[in-house]
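TrEMBL lists 31-38, 148-151, Ile177, 185-188 with the feature ATP binding site. The annotation active site, proton donor is assigned in TrEMBL to His38. Here TrEMBL flags Gln62 as beta-alanine binding site. Look at TrEMBL and you will find Gln62, Gln154 tagged as (R)-pantoate binding site.
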Amino acid sequence: MTIVVETIAALRAQVRAWRAEGLKVALVPTMGALHDGHVSLMRAALERADRCVVSIFVNPRQFAPTEDLDKYPRQLALDLDRLEKAGVHLAFTPGVEEVYPQGFATSISVGGPSAELETDFRPAFFDGVATVVGKLFIQSEPDLAVFGEKDYQQLCVVKKLVQDLNLPLEIVGSPTIRDSEGLAMSSRNAYLSAQELEIARRLNKILRKAASALEGGADEAVTMAAARQDVLEAGFDAVDYVAARQSDTLAPWQRDTDGRVLVAARLGKTRLIDNVEISAS
Ligand code: PAF
């Protein structure tokens, strides 16, 4: 039976009680609209810990005024059902006032891997993510927290936050879950029409082609330009970025090091991101 709590006090009391019994606690932060990708994060958490806490909170601070905060999918009853089936021990479902009470005036800004890529297009995004994730870590005091590799830059930013603030928890990155055609699971896939879904499914193949070209020694600028062209020819309306970066720092990629090809592209009203590994060996 999943315990559902809405207050920080109740969350803290339960996690502290578990830890006092010597149990290891994992946190999976989410914004709800749970899909198989989230369930894989919960599985990764349950493999490593005795208790799994999932937070469901659509964080207004990571949405720009022009973005989809109001229309972001909210389906708490369905989500709680999924948590129950996944064997999650506790759901933390705070309201906005619980997280950001009247007069809240603090923001966490992480440098390093937050530079460029998403930040060039969503300048306030990572401050919003770091602020809420930092609060969730302090509120729930977990031994570890699991984040998806799908939001690869976010994963790097969260790791940097934990490292720089000496927060006493481990950050675990969990591989992206894809449909049978390679489309990365995302809550925003729900916005895609049938025709857009077909186009979206080409994104991962294009990234894999680019990564294997780089692994095979192709010129980086030529490969990135070709990948951008491939994304547009697949039917996307615009490419925000397609770039090769080092996998740990997100600094410019160096040949013969592990890297990632990262992309953000727009399709109708939906913005999709994805990334694939560039293997050094
Ligand atoms: O990846 C997400 O769903 C969100 O950015 C997160 C980490 C839950 C913070 O709101």
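Every residue gets a Cβ built from N, Cα and C, even glycine.
Unlike curated entries, TrEMBL annotations are predicted automatically.
A map of TrEMBL features onto the structure.
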{"residue": "Met31", "record": "ATP binding site", "DSSP class": "coil"}
{"residue": "Gly37", "record": "ATP binding site", "DSSP class": "helix"}
{"residue": "Gln62", "record": "beta-alanine binding site", "DSSP class": "helix"}
{"residue": "Glu149", "record": "ATP binding site", "DSSP class": "coil"}
{"residue": "Gln154", "record": "(R)-pantoate binding site", "DSSP class": "helix"}
{"residue": "Ile177", "record": "ATP binding site", "DSSP class": "coil"}
{"residue": "Ser187", "record": "ATP binding site", "DSSP class": "helix"}
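Checking each of the binding-site residues Met31, Leu34, Ser187 against Gln62 (beta-alanine binding site) by C-alpha distance, the shortest gap belongs to Met31. Less than 6 Å separates the Cβ from ligand 1 in the case of Met31, drawn from the recorded positions Met31, Leu34, His38, Glu149, Ile177, Ser187 in sequence order. Long-range neighbours of Ile177 (ATP binding site) (same chain, six or more residues apart, CB within less than 8 Å of its CB): Asp36, Gly37, Ser40, Gly148, Lys150, Ala184, Met185. Using a 10 Å radius centred on the Cβ of Gln154 ((R)-pantoate binding site) and all shown protein chains, the other Cβ atoms total 22. Residue pair Leu34 (ATP binding site) / Gln154 ((R)-pantoate binding site) shows a Cα separation of 18 Å.
For the pair formed by Met31 (ATP binding site) and Gln154 ((R)-pantoate binding site), distance between Cα atoms is given as 14 Å, rounded to the nearest Å.
Spacing of the residue listed as 'active site, proton donor' relative to Ser187 (ATP binding site) is 10 Å (Cα to Cα, whole number).
Counting in whole angstrom, Gln154 ((R)-pantoate binding site) lies 16 from Ser187 (ATP binding site) by their C-alpha atoms.
Taking the binding-site residues Gln62, Ser187 in turn, the residue surrounded by the fewest other Cβ atoms inside 10 Å of its Cβ turns out to be Ser187. Of all Cβ atoms in the shown protein chains, 25 besides its own fall within 10 Å of the Cβ of His38 (active site, proton donor).
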